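Going by TrEMBL, these are the annotated features:
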type     : residues                            : note
DOMAIN   : B:1-161                             : domain 'FeoB-type G'
BINDING  : B:8-15, B:33-37, B:52-55, B:112-115 : GTP binding site
BINDING  : B:Thr22                             : Mg(2+) 1 binding site
TRANSMEM : B:281-299                           : transmembrane segment
TRANSMEM : B:343-367                           : transmembrane segment
TRANSMEM : B:387-409                           : transmembrane segment
TRANSMEM : B:421-442                           : transmembrane segment
TRANSMEM : B:448-470                           : transmembrane segment
TRANSMEM : B:515-533                           : transmembrane segment
TRANSMEM : B:545-562                           : transmembrane segment
TRANSMEM : B:609-631                           : transmembrane segment
TRANSMEM : B:643-662                           : transmembrane segment
Amino acid sequence: MIAMTQLRVGERAKIVDLSQVSNLVKRRLLDMGVTEGSEICLKCTMPLGGPFMIENYGQCVGIRRNEAKNIQVKPL
Amino acid sequence: MMHVALVGNPNTGKTSLFNQLTGTYEYVGNWSGVTVEKKVGVLRSKKAKMIDLPGVYSLHPMSRDERVVTQFLLTEPFDEILNIVDASQLERNLLLTVQLLEFGKPLTVALNMVDVAERRGIFIDQAKLAEALRVPVVPVIARTGKGCDRIEHTLLEKVLEQTEPFTLFYGEAMERAIERFIAAWGTEEQFPVRWLAIQFYEGNSYVREYVAEKLPEATWRSLYEQAEKEVQQAEQTPLDQLIYERRRSFVREVIEQSVQRQKIARVTVTDRIDAVVTNKYVGIPLFLLAMYILFQLTFDWLGAPLSDLLDAFFAGPLTDFVTAMLEAIGASEFIRALVVDGIIAGVGGVLVFVPQIFILFFFISFLEDSGYMARVALVMDRLMEAVGLNGKAFIPLIIGFGCNVPGVMAARTIEQPRERLMTMLLTPLMSCSARLPVYALFVGAFFAAHQAIIVLFLYVLGVSLALILAKLFSLTILKEEASVFVVELPPYRMPQWQALWRSTWDKGKGFVKKAGTFIFGGSVAIWLLSYVGPHGINVNMDDSFLAMIGGVLAPLLAPLGFGTWQAGAALLTGFLAKEVVVSTMNIIYHAPDVESLQGLMASHFTALSAFSFMVFVLLYVPCLATVATIYKETGSRKWTMFSMSYALALAYIVSLAIYQFGSLLGF
Ligand SMILES: Nc1nc2c(ncn2[C@@H]2O[C@H](COP(=O)(O)OP(=O)(O)OP(=O)(O)O)[C@@H](O)[C@H]2O)c(=O)[nH]1
Ligand SMILES: [Mg+2]
C-alpha cells in the first residue's frame, strides 16, 4: 500500500484508504464516485507541487497534491 | 399550469434540454456549475412550466448553487421532477435519482448523453432500467434535440397515474431511527417525512436548519445521537456512510440488471488532447498562449479592422444621411445638435466596438463549451493556491473578461465561503469588454505604434493586481481556512456552431442593449448638461453644468495627470457603465468620428497621462450593474462598500505612482 503521490503517471491503482483525507474533499470525491475500492489511473501531475488528475471509469477528477498524499492506494 | 423541475448531476445537459423543450436560450457550457440559479421557462406547447436548476451530486449542499436546489425542493410548489441522468456516468447519477425518488414526487428519467455512453461501450436497456426504478425512462440527446418530443409527452401524461412511493430499506437500526423521527415530527408535509428523516440523518446541512426551525434542539440532537449510536452498534459504520452504501448497492443492482458493457480499450480524443493540454510542462504555457491569441484576435488581428469599417460608416454615410433627413423635415438646430452631437456621437462611439466585443465573447464561449475551462482550473490551481484561492476561482475571472456580472455570479460554485467572497471582490479587476472601447480610443490616439502591447499590459495588470490583492486579503482580512479543491474534468466536446452563436449572441446582446438604453439615455443627459449652463442654453461648454460637475473632481485628479473637468465628468458617468466614458468624451470633444476625437484629445492628454487614465478606468469602482450583483450575492452592504472603496483606492494609488514616476523619468 502506498500513497497516491508515489504512483507514476499512467499507472493504475485501487483506492484502499480515504480516511485521512479532509471531510469536505472526501465528500466531493464520493460525489464523483471515487471511493474506497475504486480503480483509478493517474493521468497527470502539475509542476511545483500542483494538482493531480486521476481517472475513474472514464471520469477525470483533479485534486490537490496534499490531498493525494493522504490517499492510500494499491497499484494494480 | 403544471410545474416541472429539472434536477440532475452537474454538466449532464439539463440546461441543453431546458433550451430544447422551451425554445429559449439559457447559458450552456461544458463544465460543472454553469447554471447557478433557478431559471423558469414555458414548454413550447405552453402546457407546463419548466424550472432549470443548478447541477447537484446529492441533495446535501456544499456550495451556494447546490443550496438553491435543496431550498427549491423544500420550499417551492411544483408537480413533477424531470431527472436528467448522464448515461455515461450511470452510478453516481442514479445515487441522486434514489434521493429524488424518495422525495415522492412523480418523476421521469431523461437518459441523456446516450451517444457518449455508446462510444464508451455502455449500452443501457431502458425498459429494464424503467422497470427497476419503476418510473418512465426516456433516452434523449439534449444537444441535438433527439427524443425531446417524447419527453414532453411523458411529462404531460405522467401525473395522472400516481405510483406507490419508492422506499429503500436501510437496515433495522436505521429504520427504527427513521420511525422515531417521523413520530417526533408529528405533522404531514408536502413531501414524505421519511425523506426528511433520511436527509437529516445523512447530515444534510440545509435539512438540519429546516428541522431545527420546528423541533426543539434537545429533541433533534437526541434523535441524531441515538441513531448514530444504534447504527454504529448494529452495523459498525457511521450514519452517513451507511446511507450512502445502501443507496449504492441498490444502484449497482439496478445497473447490473439494465446495463451491458463492452470493453473498449481505446485511447479517446479527450485523452489525446489532455496529454498536451494538461501536460506538466506545456500546460501553463499553452494556457497563456491561448489567452494571448484570444486577445490578439479580439483587439488586433480581426477586431480592429472591423471596428474601423463601422466607425467610417457612422461618421460618414450615417451622419450625412441623418443630417440630410433632419434638414429635409425642417428640424431645429437644437434637435440636429441633440441627434448628431449627442446621440450619434455618444451611442455610435460605443457601437463601433460591437465587432471586437462579439469576437471576444465568441472565444469565451468557445472556451466554455469545449471543456477547456475546467482544465484551466486545474492548470492554474498551484498559482491560485499560493495566493490563498483555488483553481476554480479562475473560471469566474475568465468569464469576467467578457463581463464582470456573470463572473461574480459564477463564483457561486466555489465551496469555501471565504474563497468565494474573495473571488467576487476581485473579479471586477478583470478588464471586461466594456473597458475595451476606452482603451481603443486612447491607444489609437497616443500609442498608435504599440496599440496591442499597451492593451495587453492593462489586461495583465488587472490579473496581477487581483493576485497580489488576493494574497494581501488572505493574510489580513480574510484569513485562510482549509480550502477544498476537487474539480471534475468533463470530456472535450467540439462546440456546435449554432450553440456557439447562440451563446455569443446571448452575451453580446447585453452590450448592444446597453447602447440602446443606458448609453442612449446617458448620452442625451450628458449632451444636455453640456448644452445648458447656469447662464442659459447653448453656452460655451466650459460654462456648462457638466463642466461645473466635472470641475469639482479635477483638482483631485490633477496629481494623476488628468486634472481636467472633461476627465472628471467622463469618469463620473463611467460608473453607469464603463463604455459611457467614451460616449462622454465623444460628446465633450464634439468629434464626428473616433479619428478626429483622437486628434482633439492630444491637446488635453499627454501619452503618460493617457496611460494613467486608462489604468484608472481599468481599476476604479466596478460599474453599477456589477456593484448591484455583488450586493445581491454577498447580501452585505459592508462588503459591497468595500468592493467599491478598495478599487477606488487602488486605482488612485496605481495611477498616481505611474504618473509621478513616469514624470520623474521624463516621459
Ligand atoms: N455529446 C453530447 N453532449 C451533450 C448532450 N447534452 C448536452 N451535451 C453537452 O454537455 C455540456 C453541458 O450541457 P449543459 O446543458 O450546460 O449542462 P447542465 O446540466 O445544465 O450543467 P450545469 O448547469 O453546470 O449543471 C454542453 O457542452 C452540451 O453541449 C448529449 O446528449 N450528447
Ligand atoms: Mg445548466
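Here the Cβ of each residue, glycine as well, is placed from N, Cα and C on the backbone.
Only B:Lys14 of the binding-site residues listed as B:Gly8, B:Lys14, B:Met113 bring a Cβ under 6 Å of any atom of ligand 2; the order follows the sequence.
Against the transmembrane segment (B:387-409), the recorded stretches B:281-299, B:515-533, B:545-562, B:609-631, B:643-662 differ in Cβ pairs under 8 Å, and the greatest number is found for B:609-631. Within the same chain, the residues at least 6 positions away from B:Asn11 (GTP binding site) whose Cβ sits under 8 Å from its Cβ are B:Asn30, B:Trp31, B:Ser32, B:Val34, B:Gly55, B:Asp86, B:Glu488, B:Pro490, listed in sequence order. Counting Cβ pairs closer than 8 Å and at least 6 residues apart in sequence, the transmembrane segment (B:343-367) and the transmembrane segment (B:515-533) reach three or more and so form a contact.
Counting only the Cα atoms, the space from B:Thr22 (Mg(2+) 1 binding site) to B:Lys14 (GTP binding site) is about 12 angstrom. Remote same-chain partners of the transmembrane segment (B:643-662), defined as residues 6 or more beyond its termini with a Cβ less than 8 Å from a stretch Cβ, comprise 424-425, 428-429, 461, 465, 469, 559-561, 608-609, 611-613, 615-616, 618-622, 627, 630. Ligand 1 lies under 6 Å from the Cβ of B:Lys14, out of the binding-site residues B:Lys14, B:Thr22, B:Glu37. Take the binding-site residues B:Val34, B:Met113: by the count of other Cβ atoms within 10 Å of each Cβ, the lowest one is B:Val34. Same-chain neighbours of the transmembrane segment (B:609-631): 404-405, 408-409, 424-425, 427-429, 431, 434-435, 438-439, 442-443, 445-447, 454, 458, 461-462, 465, 560-562, 567, 571, 574-578, 581, 601, 637, 639-640, 643-644, 647-648, 650-652, 654-655, 658-659, 662, counting only residues six or more beyond its ends whose CB sits under 8 Å from a CB of the stretch. For the transmembrane segment (B:448-470), same-chain residues at least 6 beyond its ends with a Cβ under 8 Å from one of its own Cβ atoms are 292, 295-296, 299-300, 304, 383-384, 387-389, 397, 401, 422, 426-427, 429-431, 436, 439-440, 611, 614-615, 618-619, 646, 650, 654. Following the DSSP three-state reduction, the secondary structure of B:Val34 (GTP binding site) is coil. The stretch in B:421-442, B:515-533, B:545-562 that contributes the largest number of Cβ pairs under 8 Å to the transmembrane segment (B:281-299) is B:421-442.
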